[in-house]
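Undergrad: Pasting in a structure now, in C-alpha cells, and then I'll have a few things to ask.
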Ligand code: ATP
Ligand code: MG
C-alpha cells in the first residue's frame, strides 16, 4: 500500500456535513447583495504576481511573506490571489467597465495566504466581497456598510461592532506620515522590531501594531483624524450622518488602518469579541488610488471583504447554524423489477415537486436493512415497494417521523399522496 497523502497545512476540506452551513451563509449573502442590485463577477484564482506587487504594495505582509508565488512553465511569475480587489480592478481596466461608469459588483471564492495557521486564520480561506466603482461620495461608503449590517441581521448575528476611521487624502496622509514618523523616532527604543522596520517603509501600519510597548507609545501619538484635509473631513461627516440616519451604531477608531495600502478616506471593520484574536470578520473602505496605480483612468472605488470561515465560526458559537437538510422521501424496493418501478416513480415525484429531496435505494439489502438506512438519513417518509406491492401495483407509505399510520396506495396515486403527506408534514414541523 502506498503512503497516504495528506491535505496541505492550513487548507481544509469542507465536508458534506459542513457544506450545509456554507450554503446557508452564502445563500443569505446572495439574498442581501441581490437586494442592493450588486452583480456577481467571477475572476481567475491565479494572476500575474506583478498585479499584487503593484496594488497591495511591495512592503506589506501579504506581498513580503504571505503570497503563494511560483514560476509557471514559461518562467512567468504567477501568484494565487491573496484577496479579490486587485483582480477585480484588473478586469475592470481590461474590459473597460470602470471609467465613467457606475458599477456595483460582488464576488466570492477562495483566497491564499501563507500565514501561520490558527483558529480563524488559514492558508486557503474564503472571502465574499463587494466593490462599487464610479461613486466618490460618502453615500456609497454608507451603502456598503448598510449592506453588511443587513447581512448580520439576516443571519441573526449579535454583538458585531462597527469601527470606522478616515485616512484622508493622499496629501494629508503624506503630511501625517511625516508627523507620525518624527514622533515615533523620538520613541525608537520602545518600538518592536517589526514597527522599527516599518518606520521608513510603511509607518502608518505601525498604528495597527499588536505589541504592548508599541501600543503604549501610540497612545500619545498624534492622531490621523486631526490631520484630515477639509474635504475628507466633510466626507467623513457625511458618512457618519448617513449611518446615524439608518440607525447603524459605530465607534470611531483613529488607529484603524488597513493591511492593504491602497485605501484612502473611509476605512471600516466589523469586529467581534467572540472569536479571540481573529475578531475581524469584515474589513473595507475606499480605495480611489488603486485604479490609476494599475494603469486605469482615475475612478473612485470602495468595497469590503468578509472572511467566511470567521463568520461561520461566529454563527456556530451563537447557535445560528441550521440543522443539516435531510431527505423528504426514501424509496425502498426489493428485487430488480421493483427497483425499476421505484426509479420510475421517484422520477415522476421529482418532476412534480422539484424541491423535495428524494432518495431511491440503490444496491443490496433486504427491506429491513433499507428501512434502517432511511432512518439513518433522517428521511420523513419511506416508500416501500416489496413483493406484495409489485404484484398489485401499489406502494406502501410509511411516515418515519410523527404518529401517522402507514398506508397502502395505488402506484398511480402515489405522487399525489406523497405530495399531500409532505405538505402536511411541512406545516407540522
Ligand atoms: P488580519 O489582520 O486578521 O490578518 P487582514 O487585514 O489581513 O486581517 P483583509 O486582507 O482585510 O484582512 O481581509 C478581509 C477579511 O478576510 C478579514 O477581516 C478576515 O475576516 C478574512 N481573512 C483575512 N486573512 C484570513 C486568513 N488567513 N484566514 C481566514 N480569514 C482571513
Ligand atoms: Mg492578515
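Backbone N, Cα and C define each Cβ position, glycine as well.
Remember, TrEMBL labels are computer predictions, not curated facts.
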Undergrad: Please identify which of 73, 113, 116 is recorded by TrEMBL as part of the L-histidine site containing 83, 84, 85, 127, 131, 258, 262, 263.
TA: 113
Undergrad: Compile a sequence-ordered list of residues in the same chain as residue 127 (L-histidine binding site), six or more apart from it, whose Cβ lies below 8 A from its Cβ; state 'none' when nothing qualifies.
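TA: Same-chain residues close to residue 127 (L-histidine binding site) (Cβ under 8 Å, separated by 6 or more) are 83, 84, 108, 109, 111, 305, 306, 307, 308.
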Undergrad: Counting across all protein chains present, how many other Cβ atoms fall within 10 Å of the Cβ of residue 85 (L-histidine binding site)?
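TA: I count 23 other Cβ atoms within 10 Å of it.
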Undergrad: Based on the record's binding annotation for L-histidine (83, 84, 85, 113, 127, 131, 258, 262, 263), what whole-number value in Å is the widest Cα to Cα distance?
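TA: Among the residues the record ties to L-histidine, max Cα distance equals 21 Å.
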Undergrad: With H, G and I counted as helix, E and B as strand and the rest as coil, say where DSSP puts residue 85 (L-histidine binding site).
TA: helix
